[in-house]
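Student: So TrEMBL lists these for the protein:
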COMPBIAS  925-955  compositional bias 'Low complexity'
COMPBIAS  956-966  compositional bias 'Basic residues'
DOMAIN    23-61  domain 'Pyruvate phosphate dikinase AMP/ATP-binding'
DOMAIN    63-301  domain 'Pyruvate phosphate dikinase AMP/ATP-binding'
DOMAIN    312-363  domain 'Pyruvate phosphate dikinase AMP/ATP-binding'
DOMAIN    436-521  domain 'PEP-utilising enzyme mobile'
DOMAIN    555-902  domain 'PEP-utilising enzyme C-terminal'
REGION    910-966  region 'Disordered'
Amino acid sequence: MAKAKRIYAFGGGKADGSMELKNLLGGKGAGLAEMSRIGIPVPPGFTITTEVCTEFYRSGGKLPKSLVPEIRAALAQTEKLVGRRLGDPKDPLLVSVRSGARVSMPGMMDTVLNLGLNDRTVEGLAVRSRNPRFAWDSYRRFCAMFGDVVLGMKPEKKEDRDPFEQILAWKKQSLGVKDDSELGVEALREIVAAEKAEIARRGKVLPEDPMAQLLAAVEAVFRSWDNERAVAYRQLNGIPAEWGTAVTVQAMVFGNLGDDSGTGVAFTRDPATGENAFYGEFLVNAQGEDVVAGIRTPQKIAELAAHFPDIARQLEKVRARLERHYRDMQDIEFTIEAGKLYVLQTRSGKRTGIAAVRAAVEMAEAGLIKKDEAVLRVEPGALDHLLRPVFDQHAKEKAVAEGRLLAKGLPAGPGAARGRLVFFADEAAAWKERGEKVILARHETSPEDIRGMAAAEGFLTAFGGMTSHAALVARQMGKVAVVGCGALDFDYNARQMTVAAAGGSRVLKEGDWLSLDGSTGEVIEGALETSPSEVVQVLLERARKPADAPLYRDFAKLLGWADQARRLDVRANADQPDQAAVAVAFGAKGIGLCRTEHMFFGEGKIGPMREMIVAENEAERRAALAKLLPLQRADFAGILKAMAPNPVVVRTLDPPLHEFLPHDAEGMAELARATGKTVDRIRERVAELRESNPMIGHRGCRLGISYPEITEMQARAIFEAACDLAKEGVHVHPEVMIPLVGTRKELDHQLEVVHATAAKVFAENGRKVRYEVGTMIEVPRGALRAGDIAQSAQFFSFGTNDLTQMTYGISRDDVGPVLASYYAKGIYEVDPFVTIDRVGVGQLMELAVERGRATRPDLEIGICGEHGGDPASVVFCHELGLDYVSCSPWRIPIARLAAAQAALRERAARKAAEARPAPRAPAHRNGAVVNGARAAGGARRNSAVAAPAKAPRAGGTKRARPSPRA
Ligand code: ADP
Ligand code: MG
Ligand code: MG
């Protein structure tokens, strides 16, 4: 077999690679190759593949020896294109060494710029460029970056700034200058000397030989795949450690050559709102990292035309070209070197949920993409952003009147956040652990802060613009952020910040309450009241009309397109009429789980419930149940009516009874009074009802079997409510669900009670109502015996919380400490209570679907566990051929979108498989999903459906595309 190609060159209008090779070249490398091909000006270079990264780690952190000549050869090609050589003392080529994984991990890994400088080449560069200041500025940047990235020199204490930043700050202070660009050649030489002294003081070596620099930098960039912040980022985003990073070595272009040079970043649309407007920032006479690091606050892209009219026109063309080519919003880095434009990076732009929806809808309406593509563009979880509250306008006006509006920064991450002020990322995480809401405030954030940022409600920074690190992370995590708020001055040692305001400055200390409006950039003292989002105001409060709610209109359009695409129905888990109303507004087609026990906690209900539980014989129990009957009937009437004509699945009593009992003296005394028993007897009874393992104890259908009168009362309440509503002409459809069934006999016992009660109630009322009786599949034995159980059950609903708990044998209430050590040791990558474990629990589900439908082909099957609102799990349910997913009302839009995406991806995969020439390979097993199960689900609804192609694996948003090399 030929050896795999390890280095891909680009530049001069050509490239070895392209976007197709993203997995191999990383997003950055592939993007540069692609741009080079389509005639966008990029400096030449080459990319070392992610496979080499894997090799690097396999061989204990060393570059393969055989790679060195390959690097030399690729470098020679770059040198030829540029017309300069690395290390040439007269006219040196400088390069950047850049990281890039297959999905972008902004700022998480390292880059070294200006590589190739040493005490000799810097002089050559000074002469050749006729700009000694520029040469020495580049050199001081190189020493700092090499020291940080390759030599690993970090601050010695967390209160300290980066050691090289400290040197720079010290020099600026001693000369009394504010901006880096005011430093002269002499000052820069002194900075370089100080940097070298600091490197030596720490016992490190910066090699003079540029080739040695290059190899060390390539290794360091590979190593940065495994640095702490990259690991944290991967965990937060579900990116597998095996992917690795590519390394791109690229000829430098210089934005710091003088006032005819500059650097910037831009989005082809506004990443916060999605508006179709070129959006970005730039700095004159600066290198790229200055913008992202937020060291200087940059100018808006709209002002570019004033400085560089020609470049502004060219950039506008690049913008149009890239959007047309990628048919998506792009995020680009550019540099202007002495009046010439270069693009250094393009990638699909990270955007807020609001921007994602608006851009997708507008692109579809403009014909740039199809409606189905628009549906695929928005990550389901991002819809949450459109439902989140905003600050209450009155509360804000009041705060302003009271002088609590402290300052205004840039609105980088929309939404409303309030929390207590902390100044260190690690402390943000610790406070959050203790249950506090926090706002993380800092000079600027850096990728090291990622965990703390994930823990914070919002971020506030003094420096940096809309494309600074804090802004980027906010958009990606869906956090609120206000950045570049120049009025702030931090004193980390004293744990306080001073806010300069018109009426005198204010000091805020750690722990003080602060509110951030990420849509306006306002920073407000205290915890401000919030009010519902635009979408919620239209849908739930009816306080606003769609006509003046553009965000709502886009949301509704996108979900409308999603509904046309999806096959799964979406129902809600709801137990109160008001929740049912929310569910309907969000598009639920029925209730998949009404937990009757939740109703018992309502006003005046817990008393009779407790009486029922402590009853010592059937007569006592029936007396208590008689009090509960009208209460339950009213609850059911409310919920059946709110959902009519859609089905409502009502589950009979499920939880361990002791959950309802009082454990305090007062509660016991009250129960004693109500039942006429002594307090001692009540205490004894509570003790008798205690169980060692209540979750696998006397609960679920076991209760209804021990005390059939409970099931009887509940069935009566349901059917009486149904008959009453039917009399009013309301079209109701109850489905009675028996929990925790492991054997058919359990179900049969309860079925008899339900059917007998129905018959009685219907006779009493002289009318019949359509209903079904089914079961939950949540005990592994129930899944295994699904074929038998389906003889009796008219429907199944997977209770995946219990099914996961019992399949793993891990208590869902005690999983916290297990997860903590399992994540750390790489035993689990995701929480199985959040995303369905396809290969384990999923196999039981698949088996139950297969066996259940073999017995009863029209068996209705859904899922009502928490997983029903998790996008990756929704995809799995689609593949299993379920009829519906049921989730909490606020997750319904997310489930609708996820279900649509699953259907669209399946369709695309099927098309691709049909296009492939015969002979067909035998169908793959894909995780736990057997094609048969899907075929059964798909074919039931659409007989024209051929055997489905291998469906894509659920990966949530980060979809692991099969490598093109595979
Ligand atoms: P990240 O992924 O963290 O953004 P990059 O590799 O994109 O890291 O580089 C960091 C900064 O250095 C960016 O602003 C980029 O534009 C700039 N940069 C990278 N390579 C070059 C180059 N060849 N010439 C000029 N600037 C560069
Ligand atoms: Mg970049
Ligand atoms: Mg359960």
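Glycine is no exception: its Cβ is also placed from the backbone N, Cα and C atoms.
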Student: Between 0 and 100, where does the mean pLDDT of the domain 'Pyruvate phosphate dikinase AMP/ATP-binding' (63-301) sit?
Tutor: 92
Student: Top stretch among 23-61, 63-301, 312-363 for CB pairs under 8 A with the domain 'PEP-utilising enzyme mobile' (436-521)?
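Tutor: Looking at each of 23-61, 63-301, 312-363 in turn, the most contacts to the domain 'PEP-utilising enzyme mobile' (436-521) are made by 63-301.
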Student: What is the number of residues in the domain 'Pyruvate phosphate dikinase AMP/ATP-binding' (312-363) that are helix, strand and coil, as DSSP sees it?
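Tutor: Once the DSSP states are binned, the domain 'Pyruvate phosphate dikinase AMP/ATP-binding' (312-363) shows 26 helix, 17 strand, 9 coil.
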Student: Would you mind splitting the domain 'PEP-utilising enzyme mobile' (436-521) into helix, strand and coil residue counts from DSSP?
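Tutor: Secondary-structure composition of the domain 'PEP-utilising enzyme mobile' (436-521): 18 helix, 30 strand, 38 coil.
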